[in-house]
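Undergrad: Right, I'll just put the structure down here and ask away after.
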Amino acid sequence: MANPKTKSLHSLDGEGDPESYESRWVFQEDEYPSEIEDFDAADLRHQPMFDSEDEDNGEHRLVRTGPRIDSFDVEALEVPGAQRNDYEDVSVGKGILLAFQTLGVVFGDVGTSPLYTFSVMFRKAPVNGNEDILGALSLVLYTLILIPLLKYVLVVLWANDDGEGGTFALYSLICRNAKVSLLPNQLRSDARISGFRLKVPSPELERSLKIKERLETSLTLKKIILLLVLAGISMVIANGVVTPAMSVLSSVNGLKVGVDAIKQDEVVMISVACLIVLFSVQKYGTSKVGLVVGPALFIWFCSLAGIGIYNLVKYDSRVLRAFNPIHIYYFFARNSTKAWYSLGGCLLCATGSEAMFADLCYFPVRSVQLTFVFLVLPCLLLGYLGQAAYLMENHADAGNAFYSSVPSGAFWPTFLIANIAALIASRAMTTATFSCIKQSAALGCFPRLKIVHTSRKFMGQIYIPVINWFLLAVSLVFVCTISSLDEIGNAYGIAELGVMMMTTILVTLVMLLIWQIHIIVVLIFAVVFLGLELTFFSSVLWSVTDGSWIILVFAVLMFFIMFVWNYGSKLKYETEVKQKLSMDLMRELGCNLGTIRAPGIGLLYNELVKGIPGIFGHFLTTLPAIHSMIILVSIKYVPVPMVPQSERFLFRRVCQRSYHIFRCIARYGYKDVRKENHQTFEQLLMESLEKFIRREAQERSLESDGDDDSDSEDEYSGSRVLIAPNGSVYSLGVPLLADFIDTNISVPNLEASTSEDANPESPKPPVLDAEQSLERELSFIRKAKESGVVYLLGHGDIRARKDSWFIKKLIINYFYSFLRKNCRRGITNLSVPHSHLMQVGMTYMV
């Protein structure tokens, strides 16, 4: 029998009072209920309600639907501890605290760049005269103005995803506005989440519509975008390795200026000790550590400005002429190839720009912008100007420009604060790495890991223990094997430029698709910044053989891990979709599913958001009995930062009412916290289910009251459309109170019953009173809850077919299998006791 299909006669606007009871008229084509799929009200006139695999032509009947009822009303069901990251309406004192934390978390990396920028530049292009110093200074000044200020602060920060920054935030923003995700688990109802805030391209902007259509229809473009995103994330993780190595080693290197007898090996050992301390305190979180180091970094920026002004006054204020870009031309004319080599060192002044964007989730956008423009940038400019003024009269000190330019009386205090600032800079990139990995894991592009939320109030502040110690280990290896600042600086430039270029491409796409600004502005942005970054990239790649190739190998390894996980997850999901159970089979099994229905509730976890998973059939054939109530639970991450609690759960009936099978889709954003224990989750689930059943009965009762003059009750046994207050359109797709057999309510009794006992030819008892039926079903649910809740976990594994390519076998059977066995199970978030778990394994051939 075909699945029911419903079409609307009117365009449903989805607006209005949720308590209003305005009826809708629909065509009903089949009176047999089925699994309900989601659909968009805007497409209701043109789309079938179901993504059916076996649709037939049914007989059309005109029926009137019920009122606008929210079928997943859980507004009062708040999960304890799930606080939102809300920075609105902060007090003056809170604003000052946020400013200090912003300095300590966001600007540490870019703030410590004066420690090594000139040193690396002049080792690649030695100083032959004052004109070289002016040219190098001019390069640094305009790099600071173009990349951190113009590109990131004034443009890229606005491309945030509801306050979330980073490469994956850009990707989720694009996925929300165009269907470019390769994982086929999207529901049309997801677009009704308030966090989506879709800006549909207007018909007048034909360019945006064509780009959207092209992206959605081209599988190649979807894959290219995903590969770009994975490449950007791999470079962010590589940055998390090289940033601590570069920052700490360059700051400790100042001991060579203060202590003549110290050797390079001793500098390396001190750097190793500092790195161990740095990563050990990472677990204390952003709020605690950021509040402590914020004032320290404020002192650091003030020291940069103070030393810069001192050197400008004492040595040579003529370096202000470097604001004339003609000196860049003179620099290249005098040094040609060496000047081009020095571009890799010049880029180091802009390192930390990407961390500024990735760490955006921790603080308000406006706070980051104002702090950079009015504090960070002026102090950095003064710091570089002061170093250049000192070097105008001390060419020999160009190899360690910063510490040599510090007045002798202030050397040791400056050394101390510089080392503290270097540790802060390392934390900034590590924090950004945590944020990006959490986003990528939520969207199915990174293996699941344990994530610790370090702040009860600000849910975006996280700590990932495995990644933290992994970054520490690789950083220590990097420092011990490559102790040259030139080589580490080159590796730093490769990692930073890689993610910068990916960001430029994705922001360009955001401009075209979402912002819909003039094409000339988009071209200027793309050509200027992508051309500038490619020029810098050509410089650092030329020196890749000096040891910085290690960071490229590390980035490729991380890219491979993410690609394998995404590829395997996609194949697994597609295979589960193909092997889901048909509704015809469920009807043939009967309400007892061909087995014994024992009292209790079974929560079957699966990734499918539509259909009955094949693993459920494996449970039926493996277990001697199945629970009297089954809830198919799917934890689904949608491409939004957070999903409000009132929009968290979607409930549906599966099959007819007598089957007692429900589907629950729990939707989370990639920034949401899942900290509830299993008791809280069960309580939340059952309260939501009772609300759903009461609303369902209320809608059916109102329908009956409005049809006293209509045809018989059996004309009403088909699909029902519910419209939520936020505009979501849903269908119950089952007979609400009709055909409720009294014998089916006795399932909680200890007497076993099988599907063979049900005689389809036996006459049905009369329809029960609505209130009595409702109370009986609620009583059935409560008794089932009292009998116990068991978590049914289906571990679906995948193996490549024997006729598959060798590469596919290698990736699926070995690499993906290894990652899946060693990643964190999703159920661990609920801390379910082993006595409440029941696991069944199943292998899919792909």
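For all residues, glycine too, the Cβ spot is worked out from N, Cα and C.
Here's the feature list from TrEMBL:
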DOMAIN    98-584  domain 'K+ potassium transporter integral membrane'
DOMAIN    599-844  domain 'K+ potassium transporter C-terminal'
REGION    1-24  region 'Disordered'
TRANSMEM  96-116  transmembrane segment
TRANSMEM  136-159  transmembrane segment
TRANSMEM  224-247  transmembrane segment
TRANSMEM  291-313  transmembrane segment
TRANSMEM  370-390  transmembrane segment
TRANSMEM  410-429  transmembrane segment
TRANSMEM  462-485  transmembrane segment
TRANSMEM  491-513  transmembrane segment
TRANSMEM  520-542  transmembrane segment
TRANSMEM  548-568  transmembrane segment
Undergrad: How about the transmembrane segment (491-513) with the transmembrane segment (548-568) - do they touch, taking at least 3 C-beta pairs under 8 Å (6 or more apart in sequence) as contact?
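TA: Judged by the Cβ rule, the two regions touch, with the required three close pairs present.
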Undergrad: Looking only at residues six or more beyond either end of the transmembrane segment (548-568), which have a C-beta under 8 A from one in the stretch?
TA: 182, 226-227, 230-231, 233-235, 237-238, 241-242, 440, 444-447, 474, 478, 481-482, 487-488, 490-492, 494-495, 498, 540, 798, 811-812, 815-816, 819-820
Undergrad: With pairs closer than 6 in sequence left out, are the transmembrane segment (370-390) and the transmembrane segment (520-542) joined by 3 or more CB pairs under 8 Å?
TA: no
Undergrad: For the transmembrane segment (291-313) against the transmembrane segment (136-159), do we get 3 or more Cβ-Cβ pairs below 8 Å once near-sequence pairs (under 6 apart) are dropped?
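TA: Touching, no - the transmembrane segment (291-313) and the transmembrane segment (136-159) miss the threshold of 3 or more Cβ pairs under 8 Å.
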Undergrad: By Cβ distance under 8 Å, which residues at least 6 away from the ends of the transmembrane segment (136-159) in the same chain are close to it?
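TA: Result: 110, 117-118, 121-122, 125, 165, 170, 173, 319, 322-325, 327-328, 331, 342-343, 346-347, 349-350, 352-354, 356-357, 360, 365, 368-369, 372-373, 377, 380-381, 384-385, 388, 500, 503-504, 506-507, 510, 525, 528-529, 532.
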Undergrad: Would you mind giving the whole-number mean pLDDT across the domain 'K+ potassium transporter C-terminal' (599-844)?
TA: 71
Undergrad: Which sequence positions outside the transmembrane segment (410-429), separated from its termini by at least 6 residues, show Cβ-Cβ distances below 8 Å to it?
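TA: For the transmembrane segment (410-429), the nonlocal Cβ contacts are 104-109, 111-112, 115, 239-240, 243-244, 247-248, 250-252, 254-255, 257-258, 274-275, 277-278, 282, 289, 293, 296-297, 299-300, 303, 307, 352, 355, 359, 402-403.
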